[in-house]
Amino acid sequence: MALNSSAFFVPCHNYNQICDLLLSSARTRSTIKGLQLHGYVVKSGLSLIPLVANNLINFYSKSQLPFDSRRAFEDSPQKSSTTWSSIISCFAQNELPWMSLEFLKKMMAGNLRPDDHVLPSATKSCAILSRCDIGRSVHCLSMKTGYDADVFVGSSLVDMYAKCGEIVYARKMFDEMPQRNVVTWSGMMYGYAQMGENEEALWLFKEALFENLAVNDYSFSSVISVCANSTLLELGRQIHGLSIKSSFDSSSFVGSSLVSLYSKCGVPEGAYQVFNEVPVKNLGIWNAMLKAYAQHSHTQKVIELFKRMKLSGMKPNFITFLNVLNACSHAGLVDEGRYYFDQMKESRIEPTDKHYASLVDMLGRAGRLQEALEVITNMPIDPTESVWGALLTSCTVHKNTELAAFAADKVFELGPVSSGMHISLSNAYAADGRFEDAAKARKLLRDRGEKKETGLSWVEERNKVHTFAAGERRHEKSKEIYEKLAELGEEMEKAGYIADTSYVLREVDGDEKNQTIRYHSERLAIAFGLITFPADRPIRVMKNLRVCGDCHNAIKFMSVCTRRVIIVRDNNRFHRFEDGKCSCNDYW
């Protein structure tokens, strides 16, 4: 960028005024106005003044134009510590962590000392990269420079360790800080929520309220996420009420978490109400609502919302398209799914392995297994476990054991794989009556020292989660639960229910198969709900694995015989059973 050096000597009030205008343009995202100001700065030679250069870097950073920030930085002949801090922060804020850390190295090579503005940007970059090793180096640097006791630097370190999964280090840092602010508390809560340590996160939130800490939207979002992950609907509603009293319910950040809470707890109408009440919607809340509709089989609403999102001017990202593809897959809309897959290229978004896995799943569910295989064969990137796994699952559904074995071999060629792949192959063999091959697949799993994930179902009652495993009798109400199932079983048989014992994936005699399938975990959880909840309350059951075909059929009969709404969330989607019908239309 050419500079007019003869115009450098200008009255001081001129460059102060320019700085104020650049700051205003950054705050209001007035890109055109900012570009015009930059042109004036160049013509008048004001870019030689460090304060002006700093404001130019900040303007481009806030406008999400980090490479223009870099040009402004490079055009500045006098780079102060603040100039370096501005560019390092710019890269961190614009998701360019490696560049942020690279410029930190350059700054230190110039014998400039990083301060309490630079160090938080560096730790943020480490958190984005999940590079705890580099983060520890930044931590050491903060100790050498004496900034480790600074509340902002300390908070950023807590956040970094938490996001890198080093929850013990995060808590140690949190406990040793001489002073904490709301960012510190929120970072620690987020860390516990991310690691699934929900009780710790909730306890910390209560402690923050007890200390009269002015919690922020990040705090609310973290604790609402805990309630969502634990499916604690009633507690989540209470915290939602608290967020309204604190005026944080209109935040897109909190709104996204609330949408996820109501969706994961089986209340999609609550999710949509929250979505509608957030005045300014960011991409996160659009994606959260799309996912909620997709999980609840509201495919048409997904497509309508996607169109509405684009009309609003919001640009979709890879998560947006993944939600739309999953919705099409679950509804069997293959042609529509292919259309949206192709639209990704028009939006200049390269499909990831997750998008290809969704496309393979879509074709596989529809029985178009050869087309699914062709998609994998022609992928421009290497197929991952999730891609081959999608084909393997479809082969199990359509009892194509030869192709299932081929897909499994391809997965095993990738190296160590999840236990789910072995189980899927075993299930494919068992579904086809090849119990000897199924046993071999499970033996291979045992020989590798891996364990099959235990199927669990759980239900919330008065902020307490009751968990059940198939056939267990450890619950305090086991006697009543099994009596209820026996009574309900008789009513279901009178209504025409016949157990499909082909879903018992091991070779046992007919009577034992009949008994085994009647006591799957979701049935125990439903029976608990029937004897515990009032008649007008829907029974909401969560399950960590896919619901089996016979249980899916049985729950339809249960909804008829009990005249109850039963909502089951498995590891894939929601099923709402009412009057003998399921929201998935038996396509899952």
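Even glycines carry a Cβ here, placed using N, Cα and C.
Each residue in the region 'Type E motif' (387-462) has a pLDDT score, and their mean in this model is 77. The annotation region 'Type E motif' is assigned in Swiss-Prot to 387-462.
Counting same-chain residues at least six beyond the ends of the region 'Type E(+) motif' (463-493), those with a Cβ under 8 angstroms from any Cβ of the stretch are 230-232, 234-235, 454-457, 516, 518-521, 523-525, 527-528, 530-532, 554, 557-558, 561-562. According to Swiss-Prot, the feature region 'Type E(+) motif' maps to 463-493.
Taken from Swiss-Prot, the feature region 'Type DYW motif' applies to 494-588.
For 14-48, the entry in Swiss-Prot reads repeat 'PPR 1'.
Through the fold, the repeat 'PPR 2' (49-79) approaches residues 1, 3, 15, 18-19, 22-23, 25-27, 29, 31, 34, 37-38, 41, 86-87, 89-91, 93-94, 96, 99 of its own chain, all at least 6 residues removed from its boundaries and within a Cβ separation under 8 Å. Feature annotation from Swiss-Prot assigns repeat 'PPR 2' to 49-79.
The repeat 'PPR 3' annotation in Swiss-Prot covers 80-114.
Taken from Swiss-Prot, the feature repeat 'PPR 4' applies to 115-149.
Positions annotated as repeat 'PPR 5' by Swiss-Prot: 150-180. Packing against the repeat 'PPR 5' (150-180) from elsewhere in the chain are residues 116, 119-120, 123-124, 126-127, 130-132, 135, 138-139, 142, 187-188, 190-192, 194-195, 197: each is 6 or more residues past its ends and has a CB under 8 Å from a CB in it.
For the repeat 'PPR 6' (181-215), the residues of the chain that approach it from at least six positions outside its boundaries are 151-152, 154-156, 158-159, 161-163, 165, 167, 170-171, 174, 221-223, 225-226, 229-230, 235, 246, judged by C-beta separation under 8 angstroms. What Swiss-Prot records for 181-215 is repeat 'PPR 6'.
Taken from Swiss-Prot, the feature repeat 'PPR 7' covers 216-250. DSSP states for the repeat 'PPR 7' (216-250), grouped as helix (H, G, I), strand (E, B) and coil, give 26 helix, 0 strand, 9 coil.
Per Swiss-Prot, the feature repeat 'PPR 8' maps to 251-281. Sequence-distant contacts of the repeat 'PPR 8' (251-281) (same chain, six or more residues past either end, CB-CB distance under 8 Å): 217-218, 220-222, 224-225, 227-229, 231-233, 236, 240, 243, 287-289, 291-293, 295-296, 298, 312, 314, 460, 538, 540, 567, 569, 574, 576.
Panel annotation: around the repeat 'PPR 9' (282-316), residues 252-253, 255-257, 259-260, 262-263, 266, 268, 271-272, 275, 323-324, 326-328, 330-331, 333, 336, 340, 347, 349, 569, 573-574, 576, 583-585 of the same chain, lying at least six beyond its termini, place a Cβ under 8 Å from a Cβ of the stretch. Marked as repeat 'PPR 9' by Swiss-Prot: 282-316.
In terms of DSSP helix, strand and coil, the repeat 'PPR 10' (317-351) has 27 helix, 0 strand, 8 coil. Per Swiss-Prot, repeat 'PPR 10' is recorded for 317-351.
Counting residues 6+ beyond its ends, the repeat 'PPR 11' (352-386) has Cβ neighbours under 8 Å at 318, 321-322, 325-326, 328-330, 332-334, 337-338, 341, 344, 393-395, 397-398, 400, 403, 410-411, 414, 417-418, 421, 587 in the same chain. The repeat 'PPR 11' annotation in Swiss-Prot covers 352-386.
Secondary structure of the repeat 'PPR 2' (49-79) per DSSP, as helix, strand and coil residue counts: 22 helix, 0 strand, 9 coil.
Across the range of the region 'Type DYW motif' (494-588), the DSSP-based residue counts are 39 helix, 16 strand, 40 coil. Beyond its flanks by at least six residues, the repeat 'PPR 7' (216-250) meets 182-183, 185-187, 189-190, 192-193, 196, 198, 201-202, 205, 208, 256-258, 260-267, 274, 277-280, 458, 460, 462-463, 465, 540, 542, 569 of its own chain at Cβ-Cβ distances under 8 Å. Taking Cβ pairs closer than 8 Å, the repeat 'PPR 10' (317-351) reaches residues 283, 286-287, 290-291, 293-294, 297-299, 302-303, 306, 309, 358-359, 361-363, 365-366, 368, 572-573, 584, 587-588 in its own chain, all 6 or more past its ends.
Secondary structure counts, DSSP: the repeat 'PPR 9' (282-316) has 26 helix, 0 strand, 9 coil.
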